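What follows is one structure encoded as structure tokens, with my remarks underneath.
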Amino acid sequence: MTESLGASLAVNAEETDAAARMRRREARTRLSLAGMAALLIACLLLSVGLGAVAIPPLEALSVLSARLGLGALTDHTPVQETVLWSLRLPRALLGVLVGAALAISGAAMQGLFRNPLADPGLIGVSTGAALAAALVIVLGGAVPFGLGTIPGDLLLPLAAFGGGLVAVALVYRIASHDGRTEVATMLLAGIALNAVAGAAIGVLVFISDDQALRDLNFWLLGSLGGVTWDRLLLVAPLMLGPALLTLALARPLNALLFGETDALHLGIDVEQTKRLVVLLSALAVGSSVALTGVIGFVGLVVPHLVRLTIGPDHRVLLPAALMLGPSLLLLADLLARTLVLPAELPIGILTSCVGGPFFLWLLLRRRGLGIW
Amino acid sequence: MIDSARPGRGRLTLGIGLVGAILTALAPPAQAEGPHRVVSIGGAVTEIVYALGAEDRLVAVDSTSSHPPAAEDLPDVGYMRQLAAEPILALGPDLLLVIEDAGPPEVIAQLHATGVPIVTVPDEPTIDGVLDKVRRVAAALGEDEAGETLAGKIRTAHDAVTARLEGITERPHVLFLMSMGGGAPLAAGADTSAAAVIEMAGGQVTPNDFSGFKPVSPEALAMAAPDVVLVSERTLEALGGAEAILTRPDLANSPAARTGRVVAMDALMLLGFGPRTPDAVATLAEALHPDRMSGR
């Protein structure tokens with residue numbers, strides 16, 4: 001009697017202990033998510049508020065209210081209005097979209113490949129886009145298929161977007177047969193395609209003149225500058241849509257962490273998941289690259305940062321990446337456009353400069369823990 | 001106080017009265033008043049601003065504006081093909097002088113949209129192109145007279161060289177090398193600014209079976225057999241001096257090595273097609289046709 005009572009008490013105590021741990025963890029997760037949301041808002045405000053042209057908060061509010069048809073609050077200057085409304089705001093929003101697209105695609109890719117080194121570039125989308133962009137930059141007007149009628153500033157993003165999608169389609173096709181897609185084959189095909197596209201870019205570099213070479217170099221380092229409202233609104237659905245849809249893949253991606261066979265036994269349509277991850281990433285990253293050029297390391301590093309703070313559960317990992325990616329990209333862009341005033345750094349320099357060392361640290365830390 | 005600070009406008013207003021004041025407000029700024037906060041994009045454009053004596057109006061230049069040395073002390077808005085709109089607007093410019101190739105186009109469009117006056121200066125690799133640049137920059141600054149004087153000087157200097165080269169029968173082969181930091185140096189082919197200057201100085205570019213700047217194999221360089229090697233000062237330094245260039249295996253047997261003819265010049269002077277173009281042509285012509293150019 002006393003014995004069994006004691007035993008059940010012990011079990012109860014254990015249960016409450018486990019439940020309390022879980023509650024604590026959930027509370028911590030919620031806190032982290034709230035922190036990331038706050039960080040994103042702070043980064044957005046900083047991005048809109050800071051820059052070469054001084055725009056105090058009151059003037060900034062005044063510009064916004066004037067633009068929204070509520071009338072000016074104070075007498076801001078026309079330059080302040082143009083800078084805030086036509087330069088900073090679309091640029092900051094582009095930063096949010098691109099950061100979100102790169103980070104969530106990276107997270108989904110790492111889940112799909114079950115490989116911490118995976119990033120959206122792995123399936124060829126960045127290199128395919130880069131090759132198409134290089135073709136446009138170097139060969140310029142001499143383009144086939146009557147594409148010459150498209151103005152040059154539109155041709156470049158269109159070509160980059162198309163190039164990215166074609167590359168992904170190729171990689172996917174190579175890795176698929178009999179309705180199954182081999183993830184390992186896809187990874188290797190991606191590496192091979194990246195090498196071939198890299199060689200083709202090399203040929204283009206060889207035949208390009210000094211000026212095209214510099215243009216190409218800058219494109220390969222990425223920039224959020226030069227975006228207009230028109231272009232932003234045109235491409236926004238292509239980035240935001242896939243990024244948000246990826247959120248719905250959290251459960252299948254969680255199941256895939258156990259391996260494909262186990263995921264299948266858990267009732268997950270594994271092939272469908274692969275198709276969706278690849279398609280959504282290709283769309284989101286392809287449209288990002290088309291507008292900004294290649295921005296490295298965001299897709300690789302952000303998911304790792306989230307895993308370190310919150311853990312590997314995709315139901316939290318994906319929304320967290322969706323918020324942390326934009327924050328980091330906005331901060332990098334803020335540095336890019338204020339560090340060397342009145343000039344501007346390519347943003348890829350900053351993301352790689354921070355991302356590279358961070359990734360090395362991650363590697364060393366993992367080695368120390370004996371995980372690999 | 002106000003009158004003494006802006007004498008021109010003050011006297012005009014007093015003299016002609018209200019109508020004059022309205023006209024002053026509506027008409028483009030009078031010559032003496034021209035733009036006072038100018039951002040100059042493009043090495044040749046900046047050189048012309050200095051040659052016109054209007055450098056006190058410059059508030060910033062781009063990173064290709066390396067001459068005169070004082071230009072390098074001005075704020076630098078970055079490489080001319082990778083400009084950013086906001087930092088330029090933050091300088092509060094009332095005129096942007098922009099060489100034709102500046103960009104990216106989206107940023108130029110953003111700048112246009114803000115209503116800041118932008119004058120685009122065409123870049124033609126000919127002496128008429130230089131004169132056109134001078135006149136356009138001068139007009140934009142409201143310095144037409146100084147522009148005509150400068151254009152006249154350039155024309156005269158150029159005509160003097162052309163006259164000396166009148167009727168030359170042989171055109172020596174000139175190899176232009178550009179070092180891009182490691183790797184094989186690039187050679188200038190046909191349709192390059194280097195080829196244009198060489199042509200003006202009475203030479204011909206070699207090799208000429210491609211256009212643009214290309215890395216050329218050592219054997220192709222040996223085949224080119226240049227009479228003169230032309231380099232920028234920076235390339236001369238990068239390649240280790242004239243001696244080192246002429247003892248390269250691919251050039252050691254060339255006529256240039258036998259006569260020791262290496263010409264080095266500031267890259268902007270040589271290729272920029274700015275006010276120093278006649279000097280660049282004359283310097284090169286001296287190496288190509290010493291008999292014609294002696295006693296200059």
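Glycine is no exception: its Cβ is also placed from the backbone N, Cα and C atoms.
Residues A:347-364 are the range that TrEMBL records as transmembrane segment, among A:329-346, A:347-364. Across A:121-142, A:187-208, A:276-304, A:347-364, stretch A:276-304 shows the highest tally of CB pairs under 8 A with the transmembrane segment (A:228-250).
For the transmembrane segment (A:187-208), same-chain residues at least 6 beyond its ends with a Cβ under 8 Å from one of its own Cβ atoms are 113, 115, 118, 121-124, 127-128, 130-131, 134-135, 137-139, 167, 170-171, 174-175, 216.
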